[in-house]
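Worksheet: one structure, shown below.
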Amino acid sequence: LNSFNSSERRMSFHSLEGRPWTRKLCGTNYPVSIAFIVVNEFCERFSYYGMKAVLTLYFIHYLNWDKDLSTAVYHAFSSLCYFTPLLGALIADSWLGKFKTIIYLSIVYVIGHVVKSVGAIPDVGDSTLHIALSMVGLVLIAFGTGGIKPCVAAFGGDQFDEENTEERTKFFSIFYMSINAGSVLSTIVTPILRGDVKCFGGDCYALAFGVPAALMVIALVVFISGSGLYKKSPPEGNVLVRVCKCIGFAIQNRWRNSKKSPKKSHWLDWAEEKYPKRLIQEIKMVFRVLVLYIPLPMFWALFDQQVQGYIQLISFVFTDTQIMLNALLILVFIPIFDMGIYPLIGLCRIKLTPLRKMAVGMILAAIAFCAATVVEINVIPSPAKESLVQVYNLMDSDVTVQFPGHTVFSDPLKPNEVTSPQKNMSAFHFWLNNTYVHQECIKLIKIHFCLTIFDFCRFINTHTENINITVGTDEFYAAANYGISQNISVPRGEYNGVVCETNSNQYHIDLGLLDFGAFYTVILSKKSEGLTTIKMEDIQANNIHITWQIPQYVFLTAGEVMFSITGLEFSYSQAPASMKSVLQAGWLMTVAFGNVIVLIVAEGAGMEQWAEFLLFAGLLVAVSIIFSIMAYFYTYVDPDQLDKTFREDTDDEKVKSSDSKKKETVSLTDMPKQTKM
């Protein structure tokens, strides 16, 4: 019998070796199948971020929506993309399985992209149809990308054997790198396609959306191509219904029998009368992880400031393309952490568990915002609620300016003299020599702690003719007789030979250097020798070097690497086999709730930017302490070991049941036969 069992085990082992999912990459312990999953994720992220890179511009310039509506729809779409993962996870774990769910929802994803691209073709219908197609396309994309989010990561983790936990951990790092690589490349390519390629007489939004659609088709084809190599776990039935019924029965049974029956070690144990111990144990595992997730949205609330515009990432400008420094740093930091920092910490005999990594990541993010606070305070020299008042004397004689209750301008102003900016003045108007003089308080522009690569400029025309001014690629118009042009942001640079045109003549003026973050007012006056200019610097240029931004992004990105990648792997490793996608969806929901926190705090706080940064940093430190305390009492579990335990218990029960039946048969046989009386 022992010989037979040994032979059977050998046959089983050889048959397992021949299965496609046991093939490894180049002599490593990495399955070949993960190559298809990583490429699929890269193409899908390129598709998603490439489309989003031009989405707001599409709303404003193509659909002609105002800025507020465009921003609202953009954030509503982004939020929907993080709430739909729960739906995809339930479909995968309960009905179709991860493989089929990814394929079917990817098809929905592709259809959404195609509909969105068709809506960007001017010749297709009117503006109403364009809006309808755009909204339908975005909803389909949200369900597609959100639905596959939890499934792809969990499906990748499924490809590894039980003993290859280290390789599986590194897979999630590679997986995260593919996300950011797709993001970086797409934000370069799609804005170029929109701005540099012309079609239908304007910017080619149809092409800018069509290329991401093509990448999503490639992602789908690549994923299907690896079908024969995947390890595919079957769905476990309607998991959500069973879980809800089990929880409901436990609560109901506890309420009814709490006084009659002895206390249970856990409230879910009250469901043992009706539901198997394995299901109860799996629900306990999921609940314990979800409770740990309660403080985590605060990290994403901070991180989401990048999207909301409170943290403006350092950008390199190629036409209107912005490359996020954060995504680039992630591509650099992941191998540094995996191959350098983590092994060095291990050599120091410091046990860096997943939850400890996440706690350190939160602290690093808090440090990043402390650094941002310092930069913000130095960039903004005076409080944002103050105003700046500057007066320029265009008269031929001295002028004395007086304000009731203020002594800001004590000395008379000489002709063509300008005052230095005076702070903390309310809005006002005044008359000189019984002549009304235009004046406006120049409100301090609240430049967020990003050191802007643009400056702002406007013109005051004292000439008797209207003037059109061309500064680089920007056009200004100043009406005659003290007309003021609009304020326009202009890239930093030397502007010599600026063209100024009136109805009767053309002039060239030199503006000199327009520096980072400054606000300039240029007064144009007609003299006998031509058009003269006086340039005033209403708000001084940034006096802090742009490299001071780098430390905060280094800290923030390091925090993201330790927090986000670890959380992704932790969510998979601590989930039972039947709920892998559900727990991945729970992880993604922390991102969605983080976005909600941003909207509540940012809109309701009404505080200055530096104080808001400091508030978020303080909240994150407090949350990290709470999370660390919760993590201290968390006990790590091995779902695979749980499967073995319940499998052995089931086998023992079967043996006991078989033995009891045999004994029962023997006892019935040995019973004395009854004789008739």
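Even glycines carry a Cβ here, placed using N, Cα and C.
Heads up, TrEMBL stuff is auto-annotated, nobody curated it.
Straight from TrEMBL, the features:
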TRANSMEM  46-65  transmembrane segment
TRANSMEM  71-90  transmembrane segment
TRANSMEM  102-121  transmembrane segment
TRANSMEM  127-148  transmembrane segment
TRANSMEM  169-193  transmembrane segment
TRANSMEM  205-224  transmembrane segment
TRANSMEM  285-303  transmembrane segment
TRANSMEM  323-347  transmembrane segment
TRANSMEM  359-380  transmembrane segment
TRANSMEM  582-602  transmembrane segment
TRANSMEM  614-637  transmembrane segment
COMPBIAS  647-665  compositional bias 'Basic and acidic residues'
REGION    647-677  region 'Disordered'
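If one looks beyond the transmembrane segment (614-637) by at least 6 residues along the same chain, the residues whose Cβ comes under 8 Å of a Cβ in the stretch are 285, 288, 291-292, 295-296, 298-299, 301-302, 305, 353, 355-356, 358-359, 362-363, 365-367, 369-370, 373, 574, 601, 605, 607. Most Cβ pairs within less than 8 Å of the transmembrane segment (205-224), among stretches 169-193, 285-303, 359-380, belong to 169-193.
Only residues 6 or more beyond the boundaries of the transmembrane segment (323-347), in the same chain, are considered here, and those with a CB under 8 A from a CB of the stretch are 170, 173-174, 176-177, 180-181, 183-184, 187-188, 306, 313-316, 550, 553-554, 556-558, 560-562, 565.
Residues 30, 34, 37-39, 41-51, 53-54, 153, 156-157, 160, 204, 207-208, 211-212, 215, 318-324, 327-328, 330-331, 334, 337-338, 561, 564-565, 568-569, 572 of the same chain lie 6+ residues outside the transmembrane segment (169-193) yet bring a C-beta within less than 8 angstroms of a C-beta in it. Among residues of the same chain six or more beyond the transmembrane segment (102-121), those with a C-beta under 8 A of the stretch's C-beta atoms are 44, 47, 51, 58, 62, 88, 91-92, 96, 129-134, 136-145, 147-148, 151-152, 155, 200, 205-206, 208-210, 212-213, 216-217, 219-220, 223-224.
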